[in-house]
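Taken verbatim from Swiss-Prot:
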- 188: active site (ACT_SITE)
- 221: N-linked glycosylation site (CARBOHYD)
- 305-431: domain 'Ricin B-type lectin 1' (DOMAIN)
- 368: N-linked glycosylation site (CARBOHYD)
- 376: N-linked glycosylation site (CARBOHYD)
- 434-559: domain 'Ricin B-type lectin 2' (DOMAIN)
- 483: N-linked glycosylation site (CARBOHYD)
- 486-524: repeat '2-beta' (REPEAT)
- 527-554: repeat '2-gamma' (REPEAT)
- 537: N-linked glycosylation site (CARBOHYD)
């Protein structure tokens, strides 16, 4: 009898456990956000935690986590729950898929709602203790906008719209329109720091905003961005196709490199598109993106192709040019105003050569001070025609370890191989977009970096859209310049921790070269220190270089300004 009783007790416990799982569903991780008392920093931390949670077990490309593909994720780890609470205490819980950051369902007030194309995995494991309802539309933007009878550009975002959206979803009202609010303020903001920054500003100022053309084009092209980044490979900036964004005025902007894409969008996380080729420095050559944006090569290695062609922008915004357009062996390379002429068009091949007019960029010797010329690819020494182009903006001859350098900032300056001191005179960008990006630089407490004249420090002030002192020109030589006086550069006054950052005349120095890291830091490559609001105290009016900590006083976002 004891054996039978024990068996019955075991059966009861097992059934109870099974029933409990059936009622409760899987205990998925949860990342919550409460509007009541929320500040900009609260929202920042919420998105940071959400990114970390969905990125568990991922690898990185250019410092950005690549979300896992469906085949790599067990059901018990497939979703993250995101409870959102409004000012009245109503809570709606979103279910977010860790493979793509999509909102796949939500619950509130003992009800749950699934899109009409919901999978059995979603319905069997999410909100199973609620009354499950199926919506008449899917979760893509076209369907949501049709169901809402409005477009995203007409829907306000910010604390008040989020408050109203939570109320509506809690009661099952205006579902499509409300989802358009929460999806952009949660999923899209997790994908793009630009969108995060827009929401943070609205929280700080208690205002609302509508998405602009640039923001909407980001949302529509996350998949193609992810593909271009993964196909280029780790530690590589140039893309092999382009990402088509829109400017604020709805004109097209074709982005062809990671550095520019990051400065414009602040992309923070990648959709898995294909397995990147293993590489550190070498440029890889993939196929152009074809088909609609949401189709991807799940599980396939990125396909390679032979070449792509770009300008090379360097010191003072001048381009690498074959002198006088001559294709004679030994013709030197020089700086010259950027254009579309064939002697400024450089083809990057999969054999690590860089070619113009059918000839190879060639080191005329492998010693410090050797000049760089074009030469017949078949007869030049092989170690003189090989180049690496890492993401930091150097162009390196790997045999010598020397880098391409522009010793003067003037047209007709002959380019040389020199020791790599991470100078601005050694910074380059491979792109067809030869003009500098003009942007504000937003940092600690949503304040803007401000210039205060030559030989003076920079510091933080409240952002003002019309302030010329807060407008910066981001050059291809990796300098940050005062937009109204482009001969002045952001400069670290030394390379030691706590050295001040000031404004000096641009001289191509290592102290004037900066790298916008994908973790939000702005790095001086020479010192390896980052731009830092001293002691997290804006009233000190001191910006310094300091070892990287990842703290908020070292986090920066560029906000591109209308041209």
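Heads up, the Cβ atoms here are built off N, Cα and C, so glycines get one too.
Shown on the structure are the features that Swiss-Prot records.
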residue : record                      : Cβ neighbours (10 Å)
188     : active site                 : 22
221     : N-linked glycosylation site : 21
368     : N-linked glycosylation site : 12
376     : N-linked glycosylation site : 14
483     : N-linked glycosylation site : 20
537     : N-linked glycosylation site : 12
DSSP-derived class (H/G/I helix, E/B strand, else coil) of residue 537 (N-linked glycosylation site): coil
Cβ-Cβ under 8 Å with the repeat '2-beta' (486-524): same-chain residues at least 6 beyond its ends: 62-64, 193, 259, 262-263, 267-268, 315-316, 392-393, 406, 409, 421-427, 436, 441, 451-458, 472-473, 477-480, 530-531, 534, 542-548, 550, 554-558
Helix, strand and coil residues within the domain 'Ricin B-type lectin 2' (434-559) as assigned by DSSP: 18 helix, 47 strand, 61 coil
Tally of residues which DSSP labels helix, strand or coil - the domain 'Ricin B-type lectin 1' (305-431): 15 helix, 48 strand, 64 coil
